[in-house]
């Protein structure tokens, strides 16, 4: 029988630990605080911002939102970032992506203080991952995949893992993280030939394509562990992943649902990183 790997159970366990840690920080008169930088007024960004603020409020994490014009000059953005980097009460900084085209992505990412880079956007923090150092900040989404597997006692050692994504947000950092856990990893992408023949041989398949229900049962074997990272909207306006969940769920060993899967853990790990930063900087 297929095991459903619910992320909300993992998130709840992490939050229970965070509550205890936040209480200890309060005893030192330290309140974890996140600065959010949003450029423009995209509905998706605003919805995500509200979700983060709500999650922070539940754990008594403070937030400071900087609503910026989409045409903000890079010079002005960097001045604001410098100010936030120097503000002692701010423990974490989150900049919403993608950036407006006139801003240099590497310049923006490099402007975030390393000790406040809670979503691991700074090139030096990413470099640490590729050197095998997972003790600092790591990107929240790849970490969520790892945390779910650990929670359900799925050992990565010796496993063959296929990741269908080659971005610096998910695929590349996740590949380094599973390598550090002694797995063997294959990265696939849109130009990969005969993808099902590759994924079907894997022990674990991680998909982050961004195409609703694209991945069907022929991509898996009966023991496949399926980690669906994407959050898409189907033809009926309902949230779904890359995997055709209803048709696949009884034909694999284990699978994460969408929603209540990887996404719920991703947001919780962002909160954890804020608390981590507050503890390190206290």
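Quick reminder: no glycine exception, Cβ is built from N, Cα and C everywhere.
Here is what Swiss-Prot records for this protein:
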- 165, 166, 167, 190, 231: NADP(+) binding site (BINDING)
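Features as recorded by Swiss-Prot, highlighted on the structure.
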residue: 165; record: NADP(+) binding site; CB count, 10 Å: 24
residue: 166; record: NADP(+) binding site; CB count, 10 Å: 16
residue: 167; record: NADP(+) binding site; CB count, 10 Å: 13
residue: 190; record: NADP(+) binding site; CB count, 10 Å: 10
residue: 231; record: NADP(+) binding site; CB count, 10 Å: 18
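Spanning the listed NADP(+) site, residues 165, 166, 167, 190, 231 have a farthest Cα to Cα distance of 18 Å.
Secondary structure from DSSP puts residue 167 (NADP(+) binding site) in coil.
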